[in-house]
Amino acid sequence: MLKFVVLIFVVIMASTFAEQCGDKVCGEGTCCSEFPVVHCRELGIVDDLCMSPGETTDSGRYLFFCPCETGLRCDKNDWTCKQDSSRSE
């Protein structure tokens, strides 16, 4: 029972301290993520878990993870950010 109470406390604290997001509230370099609570999350860097751009819910938020930073792509084989090898340099 104590573990459950601690878990609830942590979730409430996380939702209190996380920047709540909605229409255009998240700043540059972030996206709005719905899980575990609706909050702004940083865009993915190399090897972070990611969602592809445009894979949002009906509310326009990303379900679990943000897309990758500019210059990276979300590899659908393992859902992580990788260097975009299609860029011409």
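Glycine residues also receive a Cβ, built from the backbone N, Cα and C atoms like all the rest.
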Need the cross-check against Swiss-Prot: the disulphide partner of CYS74, picked from CYS40, CYS50.
CYS50
Going by the disulfide annotation in Swiss-Prot, which one of CYS21, CYS26, CYS31 is bonded to CYS66?
CYS31
Provide, as an integer number of angstrom, the distance between the C-alpha atoms of CYS68 (disulfide bond) and CYS32 (disulfide bond).
13
Filter the disulfide-bonded residues CYS21, CYS40, CYS50 down to the ones within 10 angstroms of CYS66 (disulfide bond), Cα to Cα, kept in sequence order.
CYS40, CYS50
